[in-house]
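What TrEMBL records for this protein:
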| type | residues | note |
| --- | --- | --- |
| DOMAIN | A:42-154 | domain 'PurM-like N-terminal' |
| BINDING | A:Asp44, A:Asp90, A:Asp232 | Mg(2+) 3 binding site |
| BINDING | A:Asp44, A:Thr59, A:Asp90 | Mg(2+) 4 binding site |
| BINDING | A:Thr60, A:Asp61, A:Asn138 | Mg(2+) 1 binding site |
| BINDING | A:Asp61, A:Asp90 | Mg(2+) 2 binding site |
| BINDING | A:His68, A:Asp285, A:Tyr342 | substrate binding site |
| BINDING | A:Gly137, A:Asn138, A:Arg164, A:Ser234 | ATP binding site |
| DOMAIN | A:169-327 | domain 'PurM-like C-terminal' |
| BINDING | A:Asp235 | Mg(2+) 5 binding site |
There are 2 protein chains.
Amino acid sequence: MPTLREVGELEAIARLGRAYARAGAGARGGEPDGEGVVLGIGDDAALLRPAPGRDLAATTDAFVEGRHYVPWAFTPRETGARLAHANLSDLAAMAAVPRWALLSLGLRADHDIDLLVELGHGLAQALAADGARVVGGNVAAVTGAEWLSLTLLGETPRGRAWTRAGAHPGDLLAVTGFPGRAAAGLLLASRLGAAAQGAEWRTLLDAWRLPRSRVRLALTLAETGAITAAIDISDGLAGNLARLCEASGVGAELEEAMWPRDPELERAGETLGIDPDRLRLGPSDDYELLLAVNPERREACEEAARRTDTPLAFVGCLNQASNVVVRVGKDASRRPLAVEGYDHFTAAGS
Amino acid sequence: MPTLREVGELEAIARLGRAYARAGAGARGGEPDGEGVVLGIGDDAALLRPAPGRDLAATTDAFVEGRHYVPWAFTPRETGARLAHANLSDLAAMAAVPRWALLSLGLRADHDIDLLVELGHGLAQALAADGARVVGGNVAAVTGAEWLSLTLLGETPRGRAWTRAGAHPGDLLAVTGFPGRAAAGLLLASRLGAAAQGAEWRTLLDAWRLPRSRVRLALTLAETGAITAAIDISDGLAGNLARLCEASGVGAELEEAMWPRDPELERAGETLGIDPDRLRLGPSDDYELLLAVNPERREACEEAARRTDTPLAFVGCLNQASNVVVRVGKDASRRPLAVEGYDHFTAAGS
């Protein structure tokens, strides 16, 4: 298990490159270099060939050791995959096809090269499952906390990307997956330690540790023309709903009666002494999508969710009350939705 | 001078976005959003519209506080500009037109927001001078050393990018600027402290602190069709020459007699007790280009250098001795060129 100091920068980059290629070759129909890659790792820049008539969607997201990932919780492979998912989720929210990624790493010289290769392979595998390849990167040496910064590029048919700004009053609100589960998983792991690893909490721990890509759903939904606006909710559903409303100039009603039951989350809420709704609506590393849906095309959405095996729940609707987000209780009570977003700098912790 | 903790993440991102827009608006003929930017900062991803028939060149480079930048040496504006130049130089080496950038930041909560805005503005100004815009990014909180990771995208006419692999035996070797000056500037600043700030060392300090873009030269040279291969030499001329030779399957002769005199560098060598050739050929943060030139088009190259006001020196030629790099002394002595490249992980320091 040699360290980066022992193998050196060039050898580390070469081994990472082979790990990326292996992950790419394992993908459905994948060639190692990947379609649209004129020149991958090994020159001053990668050379890529976008398909004609497409727009590019470009996003970047970073993980910091000790904050976004911790050795006790994640294997290197899982950390790599989670970083891929954090970025894939942004492209899903634009209905973009993931294509090319650049990985910038801040690593300590005592980092084990084999563990680094596992991380790179996990990341590249998660990308490859949605058709994307690592085509470049950078390594820098650090002495303190390590960090991983990924930039992901995707393509959409020209002018057809989803944004946060297209929703209309009357549109329905839908959400994928089971928001809050990742936050519950994190809290269970931190508070219960080894006791959280049992079968009892498996669903919630997995929601945190092993996110699922919503790219396939997004691309299937894009074909229906049903989606008027979309946003990724990894900063918290309430906060991201407020941002979508602001961008679209609409208001929203979240209806508790429409929200699907999640007994696992409720059980976690009891154990943790936290209202499950706080987990659902607050900051949580669920890489899920919040969607504004043309009500006339609701059925096409439900069909797309079935075809891609994705949980999709309609949880409210949009209205003309610009920027006002109301929570409608099961008893028809109405109160403003508290926004508890995650702020990296003012937050007490992660 | 509020800190990030005081203003919060969203406000910090908003102020950075305004700084980028200001820099873009100040550029020649620039509109704030920039050509080809369908959607900038503020959604899940940026949306970009590549020009038809172009390839994309994509690169990423990162700076780590205390290693690539230090408060005693650089203002925030200079640090931002240098990071831009580190990436611009990679695109210059591909003869790509810089277009779009994403900036991923690892920042401490006590970072002064005004200084951060200066850094962002300096970076965006340096990019804007070559026609590129910051279109997205990410901020993450760190507790130790800060870091800045930039991804830069550019465009080249399809299939026309320079690579390291196209050089032929018989091609001439040319280099821009005055390699070694940045290394000299760094060493002078570290060893002499305040005494390095005088007019005496100004040229060398500036070479280190205020790199110049070679993008305009590269694009002008690209029109001549004279360049067969290119590489950025920021890891050291000898090391990067070896890489170009390896990629092209050629050998090289560097001729000392052809190398232009650099009295400033020689004076620094004396003061520092270092052979100036070691500075020239070893690791140095000179963002300069090493070019393989079709000898029949040498004059067109010289004309391009004059038109863009860029120092360009012909310093050797390529041959069939695959991967063998020879240094030819003024006395016609021949010896192998020692490669002293920079390795982030095995290096004793920066």
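Cβ coordinates are placed from backbone N, Cα and C, and glycine is handled just like the others.
Heads up, TrEMBL stuff is auto-annotated, nobody curated it.
Around A:Asp90 (Mg(2+) 3 binding site), the same-chain residues six or more apart in sequence whose CB sits under 8 Å from its CB are A:Ala57, A:Thr59, A:Asp61, A:Leu152, A:Asp232, listed in sequence order. Residue pairs drawn from A:Gly137, A:Asn138, A:Arg164, A:Ser234, the listed ATP binders, are separated by up to 32 Å at the Cα level. In the three-state DSSP scheme, A:Asp90 (Mg(2+) 3 binding site) falls into the helix class. Less than 8 angstroms from the CB of A:Asn138 (Mg(2+) 1 binding site) sit A:Leu102, A:Leu103, A:Ser104, A:Leu105, each of them six or more residues away in the same chain. Mapped onto DSSP helix, strand and coil, the domain 'PurM-like N-terminal' (A:42-154) counts 34 helix, 46 strand, 33 coil. Fewest Cβ neighbours within 10 Å among the binding-site residues A:His68, A:Arg164: this applies to A:His68.
With a threshold of 8 Å between Cβ atoms, the binding-site residues A:Asp232, A:Ser234, A:Asp235, A:Asp285 that neighbour chain B are A:Asp232. Comment: substrate site residues A:His68, A:Asp285, A:Tyr342; largest CA to CA distance 13 Å, whole number. In space, A:Tyr342 is the closest of the binding-site residues A:Asp44, A:Gly137, A:Arg164, A:Tyr342 to A:Asp235 (Mg(2+) 5 binding site), judged by Cα positions. Among the binding-site residues A:Asp44, A:Thr60, A:Gly137, A:Arg164, A:Ser234, the ones whose Cα is located within 10 Å of the Cα of A:Tyr342 (substrate binding site) are A:Ser234. Rounded to a whole number, the distance between the Cα atoms of A:Asp285 (substrate binding site) and A:Ser234 (ATP binding site) is 5 Å.
In the three-state DSSP reading, A:Asp232 (Mg(2+) 3 binding site) counts as strand. Reduced to three states, the DSSP call for A:Tyr342 (substrate binding site) is coil.
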